[in-house]
Structures are given as C-alpha cells and as structure tokens.
Amino acid sequence: MTGSIEKPRLIVVMGPTAVGKTAAAIRLAKQWGGEIISADSMQVYRHMDIGTAKPTPDQQCRVPHHLIDIVNPDESFNAACFMERARAVIAELHKRGKKIIVVGGTGLYIRAVLGGLFDGPAADEALRRHYFTILEREGKAGLYGMLKARDRRAAAIIHPNDTTRMIRALEVLDLTGVSIVEQQQEHRFAQRPYRVLKIGLRCSRSVLYERIEARTEEMLAQGFLDEVRQLLDMGFHEGLRPMQALGYRQMVGFLKGELDLDEAVDQLKRETRRYAKRQLTWFGADPEIRWFEPGNEEEILRYAGRFLRGE
C-alpha cells in the first residue's frame with residue numbers, strides 16, 4: 001500500500017505531568033528519525049517556557065518539535081485551533097515520510113486530533129444564564145459542587161476553576177440526560193483518520209509526587225518567578241487565561257502580595273498533584289492505551305517498532 005493511500009501512523013505518548021513524557025518521545029523520535037508534535041495546551045504560548053516545562057532549546061535542536069511557541073498569551077487558542085494546526089502538520093510530515101510522535105498531557109487536545117471534537121447540542125442561553133447566576137451567587141466551588149453531585153465523571157476531569165467547561169457539562173446533561181463524558185467517548189470512535197498507537201506512562205503515586213516536587217523546585221531554580229514578572233512587564237495581565245494556569249496563578253499571587261513565597265510554592269505543588277490525578281482519570285478511561293513505567297525504554301521501543309513495521 002502506498003504512503004499516499006495508507007493512513008498516517010501516529011505514536012501518541014501521554015500521561016500525567018512530570019512523568020517523563022518528553023524524554024520518552026525524544027527517544028522514540030531519535031530511534032526512527034521522527035518529529036514531535038506537542039499536545040500541550042500551555043506550550044503553544046510564547047514567553048511561557050519554564051512554567052510550562054517546554055523541551056529545552058537543546059532538545060528541540062536534537063529533534064524537530066511542532067506547535068510550540070505559536071501564539072502570544074493574549075491570543076485566543078483552543079482545542080479546535082489545535083486540531084486544525086496539528087492535522088496540517090501531520091499531513092505535511094506524512095507527505096515527507098516522517099515518523100510522527102504526538103506527546104502531551106492535555107487529553108482534550110489529543111482527543112481532538114485523533115477523533116475530532118464532540119459538538120454536542122446547541123447552546124441553550126436560558127440554561128447558561130441559570131448557571132451563570134449560580135456561579136455569581138455561590139462561586140466556583142458551588143458550581144463545581146453541583147457538577148460533582150450530578151455528573152461525577154465530568155467533575156473528575158474538569159478543573160474546579162474551569163467554569164466554561166463546568167457550565168457546558170451541566171448544560172449538556174440537562175439537554176440530553178447523558179453525561180458529556182459518555183457522549184465524547186462514543187464520538188471518538190466515529191472518526192479514525194489515523195492509525196494510532198497509544199503509549200501511556202505512569203508510575204506509583206509516591207514516585208510521581210516526588211517527581212512533581214523535584215520539577216517544581218527545578219522550575220523555581222531556573223527562574224520561574226522572573227519569567228512571570230517579565231510576562232507582567234510585557235503587558236500580559238493576570239486576567240488572561242494562560243496567566244490563570246497552574247503555576248502562573250500562584251506566582252502572580254506572590255508578586256501581588258496575596259501569598260508569601262512558601263504559600264505560593266506549597267499551593268503549586270498541591271494543585272499539580274491534583275492536576276496529575278485528573279490527567280490519570282482522563283487517560284485511564286481509554287482502553288486503547290498500553291501503560292509502561294517511564295524507565296522501560298527498551299520495551300517501549302520494541303512495542304513502537306512493531307507498530308511502525310505494521311506487525
């Protein structure tokens with residue numbers, strides 16, 4: 001079968017933050033002369049390097065990376081934008097005969113590329129006003145508590161600060177009587193534009209938490225606080241969505257005098273652990289993922305090699 005007819009083959013490396021996805025993807029890419037597509041909702045932003053744990057300049061020189069540093073923090077970007085750009089890159093790499101490795105921890109972005117986005121029912125303005133009223137009256141915690149009581153599966157993968165997704169999940173549940181998570185899972189099987197091998201990385205909770213601790217301390221040593229200060233000086237204000245992201249929100253809190261540094265760091269570590277738990281919940285619902293310990297490089301290479309050879 002010719003390359004122009006055969007569906008592109010994608011190796012997708014996924015898992016929680018700090019587990020070692022970047023190193024694994026680079027090892028795979030170097031083994032077969034492949035290129036990497038970053039599926040990370042924060043690494044798309046310029047000037048946000050340390051807090052997003054972007055591959056280093058040296059790593060990006062060793063293996064070509066795509067969809068890193070493509071928009072400014074004050075530009076709108078979402079899963080639909082990512083899907084469009086990623087699919088264009090995949091088409092180009094496939095045309096050039098390159099092996100394609102997708103790596104990241106943003107489950108929604110990965111799902112969008114592999115199977116498209118679930119549109120769901122049209123927005124209901126009356127319902128949205130209802131939930132915005134609840135948000136104004138009871139705050140994010142009240143809205144999240146309502147979601148958790150009505151749709152625990154959605155609450156397990158939606159961040160308690162992500163009011164947009166919380167309201168959409170409640171709206172879909174009201175309109176259809178079915179969890180948005182269940183509908184998304186059904187939708188992902190409808191589109192199969194690629195042949196995909198899903199590799200998941202995970203380790204014990206204690207080891208992962210140690211990695212998160214070390215990653216946080218390393219970020220601070222690399223100048224994370226200065227990075228956030230520079231972003232504010234450049235005019236990227238704290239209300240921007242990327243500036244509300246994990247890590248940046250805590251550092252802004254310190255710079256504004258709302259938190260002392262120890263409080264900010266402790267909060268960052270705690271929230272990162274919670275984020276990792278949500279990532280594992282999201283990926284754990286996908287039966288197509290084969291899981292490996294991060295250190296099992298040779299086993300991962302053999303598994304990926306069989307896929308690339310069509311075995």
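Cβ coordinates come from backbone N, Cα and C, glycine included.
Classification of THR17 (ATP binding site) by DSSP places it in coil, neither helical nor stranded. Other Cβ atoms within 10 Å of the Cβ of THR17 (ATP binding site) number 18 in total over all chains. Annotation comment: Swiss-Prot describes GLY15, PRO16, THR17, ALA18, VAL19, GLY20, LYS21, THR22 as ATP binding site.
The substrate binding site annotation in Swiss-Prot covers THR17, ALA18, VAL19, GLY20, LYS21, THR22 and rests on sequence analysis. Packing around VAL19 (ATP binding site) is summarised by its Cβ count: 26 other Cβ atoms lie within 10 angstroms of its Cβ, all protein chains included.
Among residues of the same chain six or more beyond the region 'Interaction with substrate tRNA' (40-43), those with a C-beta under 8 A of the stretch's C-beta atoms are 51-54, 67-69, 77, 79, 82, 104-106, 108-109, 242, 245. Annotated region 'Interaction with substrate tRNA' per Swiss-Prot: 40-43, in sequence order.
Feature annotation from Swiss-Prot assigns site 'Interaction with substrate tRNA' to THR106 (among others); the stated evidence is sequence analysis. DSSP gives THR106 (site 'Interaction with substrate tRNA') a coil state; it is part of no helix or strand.
The site 'Interaction with substrate tRNA' feature in Swiss-Prot is assigned to ARG128 (among others); the stated evidence is sequence analysis. DSSP assigns ARG128 (site 'Interaction with substrate tRNA') to a helical segment in the three-state reduction. If you draw a 10 Å sphere around the CB of ARG128 (site 'Interaction with substrate tRNA'), it holds 14 other CB atoms from the protein chains shown.
Working note on the binding-site residues LYS21, THR22: by count of other C-beta atoms within 10 Å of each C-beta, LYS21 ranks first.
Recorded residues GLY20 (ATP binding site) and ARG128 (site 'Interaction with substrate tRNA') have their alpha carbons 39 Å apart, per Cα-Cα distance. PRO16 (ATP binding site) counts 27 other C-beta atoms within 10 Å of its own C-beta, drawing on all protein chains shown.
Counting only the Cα atoms, the space from THR22 (ATP binding site) to ARG128 (site 'Interaction with substrate tRNA') is about 39 angstrom. According to DSSP, THR22 (ATP binding site) sits within a helical segment. Of all Cβ atoms in the protein chains displayed, 19 besides its own lie within 10 Å of the Cβ of GLY20 (ATP binding site).
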